[in-house]
Amino acid sequence: MGRFSEFFGICTGRHSWQLFNSLLTIRVLDYATMAPRSSAAKREPKNFVNTLNKRITHLIRNGRLNEARILFDEMGNRNTVTWNSMISGYVHQREIVKARNLFDEMPERDIVSWNLMILGYLSCRGDRYIEKARSLFDRMPVRDIVSWNTMISGYARSGRLADALGLFNSMPERNVVSWNAMITGFLQNGDELSAIEFFQRMPKRDSSSLNALVSGLVQNGKLEAASSFLLQCGNKDDHGGDLVSAYNTLIAGYGRRGMVDEAKKLFDRIPFFHDQEENNNRRFQRNLVSWNSMIMCYVKAGDIISARSLFDQMVERDTFSWNTMISGYVNVEDMVEASKLFAEMPSPDTLSWNTMISGFAHIGRMELAHDLFKQMPQRNSVTWNSMIAGYEKNEDYRRAIKLYIQMQIDGEKPDRHTLSSVLSVSAGFVALHLGKQIHQQVIKLVIADLPINNSLITMYSRCGAILEAETMFKEMNFQKDVISWNAMIGGYASHGFASEALELFNLMKVHKVWPSYITFISVLNACAHAGLMEEGRRHFKSMTIEFGIEPRVQHFASLVDIVGRHGQLEEAMDLINSMPFEPDAAVWGALLGACRVHNNVDLARVAAEALMRLEPESSAPYVLLYNMYADAEQWDMATEVRMLMERNNVKKETGNFSNSRVSSDLVPDWRKRSFLSVFLDAMMLVEDPDGRLVSEASHCTTVLESLFLQADYFNGGHSESNVVPKFHEPTIQPTLYDARGGIIGFRYHSDAYVFAF
């Protein structure tokens, strides 16, 4: 009984439910094999029954429960250990009906059998199972202290503290585990005062009592109380290894709340001995968890220098130590130091590789991320997701799709994160064909959660499938968040449905959903499309006054666009001059576009010169200003712009000239369709029986490259010698942002031609 009591003490003393689940198999199987033999077994040779029992236990521990049951059924004679082992296997797998059937069939039960069955019901949670456990408890011919403690802990974990306390008070005798179970139960249900009272009343404490109290107080945010009891008990009692465990728990608690100074003071109170022999003779001393917890505190706070200083002082390091330090460098985007540590790491695990891949992807170094990806000895779904998300973030949609297909060919099943990234790729490509295929995979492979639904709304909105986006939005009912509303409002605004966007924004306020700064970008863009200058001004003011959102540069750019479209160019210039920060290219691009429409050459020059400073390699402001001077027949000024362009060594791409004599009939049909839909048609993407997208075309890469070459050819144009090319003006359009704030389009395009996708 001692080993099962030890197991139960651990489970009640720390984060009980998680530890309870993770240790259940090993300890339950150990416990199941401890019962005395039944009389039936005495008719078989002792070694024969023992051998079969050990084989059953081995199969169960390795997850081969069905094979264990076959062996169990083939045994001519079984003893109580045999039955208990089989019941314990079903209990661990939560196959409680099968466990109960075996329990009812047992010719002879011992106290272990009863305790296993009670434990099985309590591990399933739910009042129905608790009542079944209590029914068995009441029917037990004889109870031991494990029976009482199991039932008390089950009540406490389920929040039925009154029942737990009633049993506790009825116990014929209690041990430390009984007290720990009650303390843990009180803390899990937020009753810190009762937990402290029980802790103080304990006649005797074991190695987990103090840690149970400190851990529970930390989880409930009572760090001062946890510190007080820790220091008080630490000065009075020598809890040895448990004391350092409690210190580590509190250090981690401080770290989660950003209280680094308090964590360091506590860390410094734990003795540290450089002499290994002296180290071994001390129970209360820093262990590996102490160092790792303190390093994690610094990493979370962004203090990489202090974290590295502690890391270098460590006598012994484990994989967690290395991964924590590497992730710290990745978080601050210092991939040079992260790479050095990764190279020095004795045995990088999957997390180490994934952290490095994610870090390189985050800073846009996809070639380095891909190198690591190819070298990685064993990949998991996180690896694939990091690469696909990296390509999507860096707008390399072609590689993202190729990797997604390869992922499924390699047998890795896409999860929600994968599908969300590929939906974003579909939105980036503006590829409705692909997006619909991914939507079908979402239906087949996962239960769509809030982020997936938001990604679907965003994808359909960007692809212009507003009806489909509306359907997704309405089907979410009351499970929408601000991102859902932003995606739908942004979809309306970006496709010219200004009145619908503004109406939905009003409905959003009716539903008490607090808007974000992204919401107002879409609302202001909707006002610009609809020509609602006064309403745009009102929303701009309400953003600060009503919702406390400080305007960002995107909001100023939208307002400049609104007033500029109405010809209020001086007001637009005053607005730019009043901005609390430097205007960006979107702001000046909005003003330049308005000046072009309203033929204000003077202000156009101001805006163009600002754009030349911000984007010195772009030819677009020169082109617009040149054409404006040409339209006004100010040839000297036009020539000056041309010379300035040459002097600054700004080159016009061939594709930025258009041949007016080239008929639109020469443009192939695929130019009028979504780029990726043509590519996917060529690839003949189909789904295999497992729902994976696979390609039947071996020439898909060739097709893609061909399309790119054709795009270059037709957009570059080919002029005959007797045709005078003219500048094709850059597109000026509102900036589009996705529901989370990522840019999906630009108010001011520095390139003269915008590719179809």
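In case you wondered, yes, glycine gets a Cβ from its N, Cα and C as well.
If you look up TrEMBL, you'll see 79-113 (among others) marked as repeat 'PPR'. Residues of the repeat 'PPR' (79-113) grouped by DSSP class, helix first, strand second and coil last, total 26 helix, 0 strand, 9 coil.
This prediction places the mean pLDDT of the repeat 'PPR' (144-178) at 90. Among the features that TrEMBL reports, repeat 'PPR' is placed at 144-178 (among others).
Among the features that TrEMBL reports, repeat 'PPR' is placed at 243-273 (among others).
Per TrEMBL, the feature repeat 'PPR' maps to 287-321 (among others). Within its own chain, the repeat 'PPR' (287-321) has Cβ neighbours under 8 Å at 244-245, 247-248, 251-252, 254-256, 258, 260, 263-264, 267, 270, 274, 276, 327-329, 331-332, 334, 347, 349, 351-352, counting only residues six or more beyond its boundaries.
What TrEMBL lists as repeat 'PPR' is 349-379 (among others).
Across the repeat 'PPR' (380-414), DSSP helix (H, G, I), strand (E, B) and coil residues number 26 helix, 0 strand, 9 coil. The repeat 'PPR' annotation in TrEMBL covers 380-414 (among others).
Residues or ranges marked as repeat 'PPR' by TrEMBL: 481-515 (among others).
The residues of the repeat 'PPR' (144-178), classed with DSSP into helix (H, G, I), strand (E, B) and coil, number 26 helix, 0 strand, 9 coil. Tertiary proximity for the repeat 'PPR' (349-379) is limited to same-chain residues at least six positions away from its ends with a CB under 8 Å from its CB atoms, namely 319, 322-323, 326-327, 329-330, 333, 335, 338-339, 342, 386-387, 389-391, 393-394, 396, 399, 412.
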